[in-house]
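Noted in TrEMBL for the protein shown:
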DOMAIN    114-137  domain 'Glucose-methanol-choline oxidoreductase N-terminal'
BINDING   Asn124, Gly125, Met126, Val127, Val266  FAD binding site
ACT_SITE  His516  active site, proton donor
ACT_SITE  His560  active site, proton acceptor
Amino acid sequence: MILGLFTTITAIAGSTHGKVFQHLSELPLDLMTFDFIVSGGGTGGSVIASRLSENKAFNVLLIEAGPDTADQLGLSIPGWGLGKGTENPSQFIWNYESVPQEGWNGRKAGIPRGRGLGGSSAVNGMVYTRGSKDDYDNWARVTGDPGWSWNALRPYIRRSERWTPPAGGRNATGEYDPAVHGYMGRVETSLPWDGHLEHDIRTIRNAEIQKAEFPLVLDGNAGRSIGVTWMQSTIGNGTRSSAATAYLGDPVRKRGNLAILLNTQVLRVHPVVSSVRRLDIRTVEVISSDGGTAVKFTAKKELVLSGGVIGTPHILLNSGIGNRTELESLGVASILDLPDIGKGITEHVAANLVWDTVPLNTTTIDQDLAYAMWQQNRTGPLTATFTHQILWSKIPSSSTLFKEWKDPSTGTTSPHLELPLDAAQNAYLALLTPYSRGSLRLASSNPLLPPLIDLGLLTHPFDMAAIKEGVRIMKRFYSGPAWEGYITGFRGPDPDVLSNEEFEKRIRDNAITFYHPVGGSAMSKRGEKRGVVDGELKVKGVRGLRIVDASVFPYVLTAHTQAPVYILAERAADLILTSWGG
């Protein structure tokens, strides 16, 4: 492998567009040029490549480090998860790991990210939650661009979504609001295949008894989720709907102006023309995932980075774009001093809570029968994930927490806490609005080595205090007549029984994340020195380079992150097309 030896693609377009190339060596290098190059075929990149190639005047190249995810049974069946039914499941995952986390008593956090077409949307838990109205309205304030507000983004929400009936077609009236969904979009979304289980019924009854604090909300994706909502998932006809299946299906792959290059890793980006005023960066350096000689491609119009919250900052840093002092200390030549690259990463941290319960009246279906049901008509337990309902909760404004720390939520519609409701015995209480921030930096000047990732979990005192209040909220939720005959006790960790030291130790020793890291290339106002991209997602101080993935989020939203990335990418596609008269 010789990283300094390149073949540069500059010739005229030929007949090779409209194909999926499994290996860099398959590309006829003397016949290809592109208007747009999209680096990363994950959630954001799939949307961008699909939408840009709708315009036949533009040639588009999509580069993805991993393999195709189409026709992978283990990825298609929602109830199986990644390991079952998938040959060599590790090929679809970047198995990143954090450095030892001070806030976790030295434990490391796993940071799995999707690798392959569709990215994390091809391997995740398929939860479809958009976040609150205030989350997006604050995007508009942070960027100075009203186009990122909730109301302005509604057309993009509908354009990305295709609401479908639950698998098997049961009547789900009363579990969602038809007015807030899209029906002609790409990503299929739905409710669970089966009806109300005993835990669901008890939750509904509890919502009547404790409606002031835990109301039943018709639709958690209407911008105001606080209360109990029915869980919506990116599942259609009992099958996972990923960015690859939704945006890169057979009709899209057959477009004559789109080429998809798989199993090819992006190493760096490079300037095309340098001036005293601004860099022009439209060249990407790639190498086959199995090694070999590096190759450069140059876009005629724009290069779009969609490598994800880990991949995109890593590529930029390897390119000499980032904190100049840090880069030069590793022997990486700095071409643009953007100190915020890799900074401000945020993640949802979750505490493990345990209740004592008696068995519920449930009907179980063995795996062989479940698989037979799925094969026959795409129904049964394999068409769903892990729960029917989610509790979204807000710490009361009168809490003593907010006398010491400013409320980190974006507004009254934003919850602080999330609890997926799944028969209660073991539950994970997620803090959605952490103060703690992490970072990503290079381990060395070798672009093939993984970066050093510090999520900064539970390093700010607010986060532990908020979890403590969250446990008390959950204790109130699982109390009262709705739970008689089912909940028999709370094992904790209980802040009202344990000492502060013991409570915090148990939280730190057993906390997990929800695999929702964002940031590292944050949006901010045009002209501000802080941040990495402006409201149009253009990298500051650069021509020709944009970022479209969760790394541009200035903070983690009160949501699972795939739906916000779809929304971001749909608007980004319009911003790019508008810039070029498309």
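Glycine is treated like the rest: Cβ placed from N, Cα and C.
Take the CB of Met126 (FAD binding site) and look out to 10 A: across all protein chains shown you find 22 other CB atoms.
The binding-site residues examined here are Val127, Val266; by Cβ neighbour count within 10 Å, the least packed of them is Val127. Here the C-alpha separation of Val266 (FAD binding site) and the residue listed as 'active site, proton donor' works out to 23 Å.
According to DSSP, the secondary structure content of the domain 'Glucose-methanol-choline oxidoreductase N-terminal' (114-137) in residues is 9 helix, 2 strand, 13 coil.
With respect to their backbone Cα atoms, Val127 (FAD binding site) and His560 (active site, proton acceptor) stand 7 Å from each other. Rounded to a whole number, the distance between the Cα atoms of His560 (active site, proton acceptor) and Gly125 (FAD binding site) is 9 Å.
Distance from the CA of Asn124 (FAD binding site) to the CA of the residue listed as 'active site, proton donor' is 10 Å.
For the residue listed as 'active site, proton donor', the number of other Cβ atoms no farther than 10 Å from its own Cβ, over all displayed protein chains, is 24. Distance from the CA of the residue listed as 'active site, proton acceptor' to the CA of Asn124 (FAD binding site) is 10 Å. The two recorded residues, the residue listed as 'active site, proton acceptor' and Met126 (FAD binding site), have Cα atoms 9 Å apart.
In this structure, the recorded positions under consideration are Asn124, Gly125, His560, and the one with the smallest number of other Cβ atoms within 10 Å of its Cβ is Gly125. Residues Asn124, Gly125, Met126, Val127, Val266 are the ones the record ties to FAD, and the longest Cα gap between any two of them is 29 Å.
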